[in-house]
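Comments concern the structure below.
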Amino acid sequence: MNTKADLIVGIQWGDEGKGKMVDLLAQNYDYVVRYQGGHNAGHTIVVEGKKYALHLIPSGILYPKCKNIIGNGVVISPSALIEEMQQFSELEGRLFISTKAHLILPYHEFLDKLSEKRAKKAIGTTGKGIGPAYTDKIARKGFRVGDLRDTQSLCEKILELMEEKDIINLGGEIPTKEALKATLDSYAQALLPFIANTTDMLWKAMDRGEKILCEGAQGSMLDIDHGTYPFVTSSTTTASGACSGTGISPRELGDVIGITKAYCTRVGNGPFVTEEEGEIGETLRQKGGEFGVTTGRARRCGWLDAVAVKYACRLNGVNALAMMKLDVLDGFDEVKVCVQYQDKNGNVLESFPFDFEGICPIYKTFKGWDKTAGIREFDALPKEAQEYILELEKFIGVKFTMISTSPDRNDTIFRS
């Protein structure tokens, strides 16, 4: 019996609350698989009062019977992953790392920060080395987890590449061969027990009828091809990335669950049509705790951009939506949603724009509501909140099957 792999994907600019949804759903799956990105994304999950900060390890790690895979599409900082692994005991047999996943090495981080510093228009990256690692991957100059099997050869190749990249003249440092070899040996000792042919693992699991959940990082509006380029990440954050980043074929994808907040946030620079820079934005930021898990940076906040959500749903083939942080909108006199874009000449746009310069939102205004926090039944929501959700469903064309009303795992409304 061959099963299909379900997928959770962010459909905004990341930070949508995918972690809570994966945590909530993972108990129903045998495998949770991370398929792209690096430790530039992250989320915090609270279980029995204990906080776990996850940046690379899939959220299914909190369920003892769930196997967790870091797929080939992920770029891995060995030091960051090893530090993250120390939060958990008994990981063997539960965590598997693709031999084909590319490594982020210290010079990638150096080059990332240097590029951001020199740029006339900074992207606002986390400076974690993600972009340079993906650049090396595409240029066929990258190193993979499987290369840690021969640290002597890997050491020589890394030093050669650092010379080629002219790291010293750029202001960086090249370690001695002995120091680099010792570092690589420490990486190998910690990570080699967990490496595997994860694509083959997933194929065999599907052939056995086991259930797989793929977990995306960041969001669709940061996709390298379909996002707000160049203010995007360096990987494919849409559903198609789940195939290239795991080895699962398109035919074997099942449900695609899109995650969106009830409003919008964005970290870093780039277009944000519905951004509120005044009191409304600050209220959303404080009520929603909108500060990055990875960097601590304050997130930009604004009203929900339903045009972008509809676009992302079509890009990903989303057949079910989850709305996060509905409770953050509690207490507003009115709630706005962007339902169209217009250009600087006042023309209403018929399609998603190539360039966002001069683009303004056209809003639909809803009456606000009092309290949704902690509610677990749709019919128990204030009528105004119900109307907000139902009108969004009509506009987007996809049903909200899950609605989160607090950070607590159990404060979630399920709709068939």
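Think of each number as a place in line: the chain as shown, counted from 1.
Cβ atoms are placed via backbone N, Cα and C, with glycine included.
From the candidate list Q152, Q218, Q286, the residue TrEMBL records in the IMP site shared with D15, E16, G17, K18, N40, A41, G42, H43, T126, R140, T233, R297 is Q218. Among the recorded positions G14, K137, G296, L326, T405, not one has its Cα within 10 Å of the Cα of N40 (IMP binding site).
For the pair G296 (substrate binding site) and T126 (IMP binding site), the C-alpha distance works out to 10 angstrom. When the binding-site residues R297, R299 are compared by the number of other CB atoms within 10 angstroms of each CB, R297 has the fewest.
Of all residue pairs in the IMP-binding list (D15, E16, G17, K18, N40, A41, G42, H43, T126, R140, Q218, T233, R297), the one with the greatest Cα separation is 34 Å apart. Cβ-based crowding with a 10 Å cutoff singles out G17 as the top-ranked of the binding-site residues G17, G296. Each residue contributes its Cα atom, and for T405 (GTP binding site) and A298 (substrate binding site) these two points are 22 Å apart. Cα-Cα distances to H43 (active site, proton donor) place G17, V293 within 10 Å, out of the binding-site residues G17, V293, A298.
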